[in-house]
Amino acid sequence: MIDPNLLRNNLEETAQKLKEKRNFILDVKQLRKLEEQRKALQVKTETLQAERNLRSKAIGAAKARGENIESLLNEVDHLGIELAQAKALFDDVSAELNTILLTIPNIPADEVPQGKDDTENQEVARWGTPRTFDFEVKDHVTLGENIDGLDFSAGVKLSGARFAVMKGRIAKLHRALAQFMLDLHTEKHGYLETYVPYLVNHTTLYGTGQLPKFGEDLFHTKALEGEQPYALIPTAEVPVTNLVRDEILSVENLPLKMTAHTPCFRSEAGSYGRDTRGLIRMHQFDKVEMVQIVEPEKSMEALEELTGHAEEVLRLLNLPYRKVLLCSGDMGFGACKTYDLEVWLPAQNTYREISSCSNMWDFQARRMQARCRAKGDKKTRLVHTLNGSGLAVGRTLVAVLENYQNADGSITVPEVLRPYMDNVDTIGR
């Protein structure tokens, strides 16, 4: 969540920024009223507590002098009732303010271009030249089905729309991609590999910002009697980032760099009719996620590094891509700055998103109470959190199939993947 002090001390300015950069309308009148109530109740609570403490001390002194303390006891009891009522009201108002805070998006960094949607994103760079084919280009669905490696009918039979079954060499290529990405990030980029739960509790989802605002995007389990409800993770960002929830980290041990390969589960609410063919938009897909936990002043530098790590995957696979700086209207709820990497897909004759790398600033850390402290310093500070896809495995498979296709329908295996594929250079029927 954003810093509550922005609402307490700069309410009008913060509301204006949210309106201009996020098209988010803050109810200034309601917030001002609640904040005034909170302050008044805080003062009342502190005053009543002080008075009660004084009366309690007076009881002890009166007892020592042998005086009648009945009236003082009555006063303390009365003050206790008033104090409990004031505290209850204070908690109610604070909870109402917190509920509002949880719905407010992060404020974009100053360098983020203002815009309403993806049409106003800014291309930063391109790498690689799209291949020229001397035969009719097939899409990944046709390629995968022709070599008996992709079976969408089986996915529908087993689960429904937006599911697929991979078999044989295609399944192995998919696995090879994930292993290659993990090896690169752990052995060269310095990330710690983690294996995390695919089911998480609601506290975890609040921590990274999926709840309360985006509950419809998740697959929720039905809670068993006596157990808390769970949801399937929409990305490994959720459990991996929450590993530092309620922790005070030593500055000397930062940055923390973690990676995980997991399936991801998304309801794709609001995506009806979009990308209904193939692997581009699935309810279940694999992703290798990168997460960094850093000192506040180093997060923008870390974003460039993390994005570069995702870019290196594409370069080693020799897949043409472009790097895009998202405008304010296209960024995720909790991000303050985001780069998207878009890979070239020949069958669509366009670039499609394959990675999103974001600096979340202290937005998630405040929700999670993830802090850091320097050696010898008593004061703690909120860390900054970053995350990025390194990469979406299914979409990378799509890009490999389409960019490495041959006229006979076979697929040339990228050189860096051959050690994971029994050193074969081509897969086909």
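Glycine is treated like the rest: Cβ placed from N, Cα and C.
Pulled from Swiss-Prot:
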- Thr235, Ala236, Glu237, Glu289, Ser389: L-serine binding site (BINDING)
- Arg266, Ser267, Glu268, Glu353, Ile354, Ser355, Ser356: ATP binding site (BINDING)
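Structure coloured by features recorded in Swiss-Prot.
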residue: Thr235; record: L-serine binding site; contacts (Cβ under 8 Å, 6+ apart): Thr262, Cys264, Lys287, Glu289, Asn387, Ser389
residue: Ala236; record: L-serine binding site; contacts (Cβ under 8 Å, 6+ apart): Val196, Ala260, His261, Thr262, Cys264, Lys287, Glu289, Val291
residue: Glu237; record: L-serine binding site; contacts (Cβ under 8 Å, 6+ apart): Thr208, Glu289, Val291, Asn387
residue: Arg266; record: ATP binding site; contacts (Cβ under 8 Å, 6+ apart): Asp217, Leu218, Phe219, Pro234, His283
residue: Ser267; record: ATP binding site; contacts (Cβ under 8 Å, 6+ apart): Glu216, Asp217, Leu218, Phe219, His283
residue: Glu268; record: ATP binding site; contacts (Cβ under 8 Å, 6+ apart): Arg162, Asp217, Arg281, His283
residue: Glu353; record: ATP binding site; contacts (Cβ under 8 Å, 6+ apart): Asp340, Leu341, Glu342, Arg395
residue: Ser356; record: ATP binding site; contacts (Cβ under 8 Å, 6+ apart): Gly332, Thr338, Tyr339, Asp340, Leu341, Gly388, Ser389
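Within 8 Å of the centroid defined by the CB atoms of Thr235, Ala236, Glu237, Glu289, Ser389, the record's L-serine site, lie the Cβ atoms of Val238, Val240, Ala260, Thr262, Cys264, Lys287, Val288, Met290, Val291, Asn387, Gly388, excluding the listed residues themselves. Across the residues annotated as binding L-serine (Thr235, Ala236, Glu237, Glu289, Ser389), the widest Cα-Cα separation comes to 9 Å. Around Ser355 (ATP binding site), a 10 Å sphere centred on its CB holds 28 further CB atoms from the protein chains shown.
Neighbour count (other Cβ atoms within 10 Å of the Cβ, all protein chains): 26 for Ile354 (ATP binding site). The Cβ neighbour count for Glu289 (L-serine binding site), using a 10 Å radius and every protein chain shown, is 29.
When the Cα positions of Arg266, Ser267, Glu268, Glu353, Ile354, Ser355, Ser356 are compared pair by pair, the longest gap among these ATP-binding residues is 19 Å. DSSP assigns Glu237 (L-serine binding site) to a helical segment in the three-state reduction. In three-state terms derived from DSSP, Ser356 (ATP binding site) belongs to an extended strand segment. In this structure, Glu268 (ATP binding site) belongs to neither helix nor strand by DSSP; it is coil.
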